[in-house]
Structures are given as structure tokens and as C-alpha cells.
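**Q** Attaching a single structure in C-alpha cells format; questions to follow.
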Amino acid sequence: MLRNLLLIALLFTSLFSSAQDNNLKKNVLNEQSVVRGEDGLVYPYHVWKKLMATGKYGLRDRKTKTESGKPEYVIVELTQPQKVAYFESITKPTPSDVFMLDQVFTGVKVTDMNGQKFDLRNLDGKTLVLNFWFTGGSTGKMLIPQLNDLFDEFKDNKNVVFLSICNNDKNQIKDFLKETPFKFNIVDDARNIAEKYNVKRYPTTVVIDKNNQIKFSSVGVSSSTGYWIKKAIEESLVR
């Protein structure tokens, strides 16, 4: 149910429409929606859904209708200013109900699948991005491109740590990574860690500042998830 709500029944508004244009606000987008490229060609559902999940594209009302009278939309690549305006205008990602804003995060010691150790009890002035997932989750897979982009943007900043908590064992993860690279440090066979934090909804993503306070959390994926994670990281770094 949650997966359908987050992946299929995403509700978008558009930075291109006026304040009086509520078509995108009242129409739920799903696999029956007609989405075209700027060249007019219809994009299959799985194609435009994947593009939207990258956080690099937005939808606007095309001002045309199908033969049955349903509105059509056009998918466009967003400039950076457009991304900010677009993501600020649409519904924020669904927050986690187990990682509450400004709650103090109680960390544990973990070791990733390459043997690197992390002591999350004391972040030592670092900002931590945690992602809970499992390899069989299509929603978690859709979020990975946004997470990889964030990793690339902050990889040279030693004050930002990216850590993935995965329920699967090392061999399953290695097989997954052959087709879907994931740049976070990955803690394998970590279902016990997810259970410790009562994580039951995947993916769950959390940003924790240098004072061990939770500054962002989300479940599932939306086109704006990466934007809000980045914003939380940047705000945490300047505190």
C-alpha cells in the first residue's frame, strides 16, 4: 500500500503553472496518465517514473487532453533554480514515524561490508546520512540515483558520512551492486540494527547533525527526497 502511494499515486504541483492553475494539484498521476516529452512523444509509465525519481525532472500541465478528456502532462529537465522552486512547491517526503525531528539519535557501533568501522554513538562533529533498505525493494532501488548524486556532491567533505544499513547478506548485496551501483558505505546483514530502531518501512532515510540530533527523515521516495536531504546536510554543516 505504501509503495503504491509513494511510487504510483505521487501528487505533483508545477512551478510552471500559475497560482490559479490547480490541474496538477487535483489530478493524481499514475500508470494511466499521459506524459509526453517536449518533442510530443508519449513516455511509457516506467520511463517517466524513473526519470522523476532522479529528482532532475518536473511535470507541467501540457494544456492538452486525451480523447477521453483526461489532462496530458509534459516532462521537462529542471535547471537548478527551477529544482529549488519546484521541490519547495510540492509535498515534502513522508517523514519517518520512528526518527522524529530534533530527537537525539542514539548510535551504535557498526562495520561495513568492507571492514570499515563506524562509531555512531559519537559523530565527532560529522553529519551522518543513514539509509535503511533491502535489495528486493523497488522503492529503495529508485532512491539510489538521488543518493549517489548526494554522495558525489559531498564525497570530498570529511564531515559528511554516508552509511547504508541493509537487511541482506554480503553476497546478495554484491549481486545487486553488479546492476545497480550504490556508493554509500554499506553495512550488510543488518536487520538487527533496523529492528533496534524499529524501522519497518523501506527505504527510510535520516540526516543526523554533529550534535546527534535528527534533522531530516523520510520513508519511501519522491522526486524531492534528494533535495531535502541535501538541504538538511548543508544546514547541519553550518551549525
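A Cβ is built for glycine as well, from the same backbone N, Cα and C atoms used for every other residue.
Automated prediction, rather than curation, is the source of TrEMBL annotations.
Sharing the feature lines straight out of TrEMBL:
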SIGNAL    1-19  signal peptide
DOMAIN    99-238  domain 'Thioredoxin'
**Q** Find the average pLDDT over the domain 'Thioredoxin' (99-238) in the predicted model and report it.
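**A** Value for the domain 'Thioredoxin' (99-238), mean pLDDT as a whole number: 96.
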**Q** When the domain 'Thioredoxin' (99-238) is classified with DSSP, how many of its residues are helical, how many are strand and how many are coil?
**A** 47 helix, 36 strand, 57 coil
